[in-house]
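Enquirer: Here's a structure for you.
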Amino acid sequence: MENAYVAVDIGASSGRLMLAEINNQQQIQLKEMHRFKNGFKKADGHDRWNIDYLIHEILTGLEKIKAAGYQQVYLGIDTWAVDYVLVGQDGKKLADPISYRDHRTDHAIADLTSDLPKSYLYKKTGIQFLDFNTLYQLYEENEALLEQTKQIMMIPDYIGYVLTGKAVTEVTNASTTQMLNLQGRLFDEDLLAKVNVHDSQFAKLVEAGTPLGQISANWMESFDLPETQVITVATHDTASAVVGTPGVGHDWAFLSSGTWSLLGTELNTPENGQLAFENNYTNEWGAYGTYRFLKNIMGLWIAQCVKRIYGDQYSFSELASLAGQEKPFQQFIDINDERFVNPDNMIEEIQQYCRETGQAVPEMPGEIMMAIYSNLALFYANEVQKLDAILDCHLNTLNIVGGGSNIALLNQMTSTLANVTVVAGPNEATAVGNALVQMISTGDVQDLKAGRQMIANSFDLKRFEPEADQYAGVLKRYQDFLNGHSKELV
Ligand code: LFR
C-alpha cells in the first residue's frame, strides 16, 4: 500500500489538514480533509491563541481521515513562527501563548538594543529586526511565569509534544527566535542570558525531516484515529512553503504570499554583511542546510483586515474584481509601516495615511483594494531590485506560492514592475512542502531537487511575463516616496 501523508498547516487566520499521496504518474496529489478558523483573542490583557482548540481540530481532522479509510498515516505540523508556549514543571502549559501581534513588544527592540548594538546582534544571528521576534517577546515576558518555566516550546514543537509526548526544537522555526548563533548553529548563550532564559529550557535542536514518534496512547483511546507517525517537518510555515516552491535553476526568487508576504531567495551560505543588515534582510534556517534570505512584507493581512470590516458583503474574489475596475497607483503607501501591524480599523488607517501624506484618499471597496494591490506589487518590485543589489546577482524568475498566487491582477503587476517572469503556484505550497519533507524522510522521494521537479509536474503553474512600457517610471517614483516616508526598522 502507498504511504499517506498528512500535512497539518496552521496559519494566523486558518488551519487545515491536507492529505498528500504519490500517484502512478509520480505526481503529488493533495486533498483537503479538514479546515478550521484560527485567530487570536484578548484574554488576561493580551492577544492570545487558543492552542487547545487547535490541537482538538487536528484530532478531529485525523478522525475524518480515518473515516475516509486511512488506517495508517505519517503526519507533519507547521505553523507561523516566533510564538511559543511556556511549559511548567508538571509538563503542562502555564498559559495560552501570546500572539506576535500583541502590543507588548512595541518598544522592545529599542529597549533591548540600548546596550547591545544592532549590528552585533545581526552579525551573531543574521536575523531581521522585527519587534515580535521571540527574543523580544521573552524580554517582555512575565517574570513570575518565566521562573516557573521548565521548557520553552515553539508552537509547532509544542503541538508535536502534546500529541506524542516527545519534545524537540526544530531549527527552521527556532532560527526565527533571533537567538540562534549563525556560526555555532546552537542557541547563543549571551542572547539567552539577556532575556533570562537558559539553554536547558529548550529541548534539543533537530533538523527538518527527523522522525518524532507515534501519537500517544491516551489520544488513541479517546479519539478514533489512524496509526499516526509524526515526523518533524520544516515546522515554520514559510520554511515549508519554500520547500514546496518549484524553483528551477539558480536565478529564482520566491514570494510566499499569505497573511504575510515573504520575499527572498534560497541560499546555501548565509549573507549577513552590511548591505543585508541595512536592508533588514533575514537569514532564517531552511530544510537541508539552506537559508531563507528574505524580507517580511505586510502582505495580504492588510486585505484580510479590510475584508473583515466589510463582513459578508463581499468575497475575496469579488473584492479582487472590484479592484480590477480601478486605476492602479493612485497613491503610494509604505505597507511595511508599523501602523499596519495591528490597527483598530485597517480601512481608516489606510485613509488616514493617505491624508497625512497629502494623497488621494481611497473610499470605495475597489479603490481600497486597488491601493493595496498596487502598493504590494510596488513593494515586491522594489525588494526584487534590492535582492539583486545585495547578492550581486540577477534574479529572473519570481515563484509566487500560497493563497496570494491566485490573484492574477497582482501577479501581472508584479511581473511588469519587477521585470521578471512570475511563475504562480502551487497555492498550497506550504502543505506540499510539509508533505515533501515527510516523503524524503521515508525515502519515497529522493531529495529536495527531485521533490521540486515532482511539484512542477503535479500542479498547474501559471506564467506571467512583463508587459512592456506599461508602468514606466512608477517604480522610481515609489522609491523616491519611500525614501521620504519609510519607517524601516534599521
Ligand atoms: C508567515 C510567518 C512569517 C513570520 C510570521 C510571524 O505565516 O510565519 O514567516 O515572520 O508569520 O510568525
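Every residue number used here counts from 1 along the chain in the order it is shown.
Yeah, the Cβs are placed from backbone N, Cα and C, and that goes for glycine too.
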Enquirer: Based on TrEMBL, name the residue from Gly91, Gly165, Gly403 that is recorded for the same ATP site as Ala12, Ser13, Ser14, Gly15, Arg16, Thr259, Gln304.
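Expert: Matched candidate out of Gly91, Gly165, Gly403, per TrEMBL for ATP with Ala12, Ser13, Ser14, Gly15, Arg16, Thr259, Gln304: Gly403.
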Enquirer: Do you know which of Ala81, Ala450, Ala456 TrEMBL groups with His236, Asp237, Thr238, Asn296 in the substrate site?
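Expert: Candidate in the recorded substrate site: Ala81.
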Enquirer: If you run the three-state DSSP split on Asp237 (active site, proton acceptor), which class comes out?
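Expert: In the DSSP reduction, Asp237 (active site, proton acceptor) maps to helix.
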Enquirer: What is the Cβ neighbour count of Gln304 (ATP binding site) at a 10 Å cut-off, with all protein chains included?
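Expert: There are 16 such Cβ atoms around Gln304 (ATP binding site).
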Enquirer: Given Ser13 (ATP binding site) and Ala81 (substrate binding site), what distance in Å do their CA atoms have, once rounded to a whole number?
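Expert: With distance taken Cα to Cα, Ala81 (substrate binding site) is 14 Å from Ser13 (ATP binding site).
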Enquirer: List, in sequence order, the same-chain residues at least six positions removed whose CB sits under 8 Å from that of Ala12 (ATP binding site)?
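Expert: Ala12 (ATP binding site) has long-range Cβ partners Asn38, Gly39, Phe40, Trp80, Ser99, Thr259, Trp301.
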Enquirer: Using a 10 angstroms cut-off on Cβ to Cβ distances, just flag whichever of Arg16, His236 is the loneliest among these binding-site residues.
Expert: Arg16
Enquirer: Looking only at C-alpha atoms, tell me how far His236 (substrate binding site) is from Gly403 (ATP binding site), rounded to the nearest Å.
Expert: 17
